[in-house]
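**Student:** Found this in TrEMBL, in case it helps:
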type	residues	note
COMPBIAS	179-188	compositional bias 'Basic and acidic residues'
REGION	40-59	region 'Disordered'
REGION	164-188	region 'Disordered'
Amino acid sequence: MAATRKAADQTLYHLSPRGFWKKFRDAVVVNPEISSGLPIQGIQRYPPPGSRPEKYSTPATKGMRRVERMYHTIIDQRVASDPAQNPYWKRDVRRAYPQLSVVTQTELSGLLIEHHEARQAVAAPPTEGEHEHKDVVAAPKESVDLTAAIATIGQAARAYSESKLPPKLPTSFQRWKPQRVEDAPHDPDSYFPMILVK
């Protein structure tokens, strides 16, 4: 018994035109037997996408927890950017002009000297017999001229002088010092402007 060879039916799973458009397609198309390429929705994919009644529940993974944290962060940022909680006068950057800061020479000299002085050691905690609370009165500091403050800091912080020079960088070679050597052989009566140096 010979096996019969069946050809693929192009209209089995795909839509095909009917009526006038079928006649028009048969007259115009190169191969009228070719499929239209439009699948039948009820046969090609059953059940069709989006038709299932149950809802998908996402499993709780590390990635999902990270996404939830990002979502809550975005919500918090939206709440923070709410105009009701963020008035215009706080975010008006056009009128945020730079404010001038004035430091007098007396203040600057005091800051320089205070910064230069060594920090006082922190007092040990009081024992049971000593008073726990002590009133500390800050003594007013005398105003110092700026030039005197700079001179004081310069004298105290002077690590090197003309007699005590800073150390030199260690090098593996000695500094080159030019030395005159004997001239190359030449006629003693001719002009020889060359000078040999080693």
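Cβ coordinates come from backbone N, Cα and C, glycine included.
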**Student:** Short question: which residues 6 or more past the ends of the compositional bias 'Basic and acidic residues' (179-188) have a Cβ under 8 Å from it?
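**Tutor:** Same-chain residues near the compositional bias 'Basic and acidic residues' (179-188) but 6 or more away: 194-198.
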**Student:** Please spell out the DSSP helix, strand and coil residue counts for the region 'Disordered' (164-188).
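**Tutor:** Across the region 'Disordered' (164-188), DSSP assigns the residues as follows: 0 helix, 1 strand, 24 coil.
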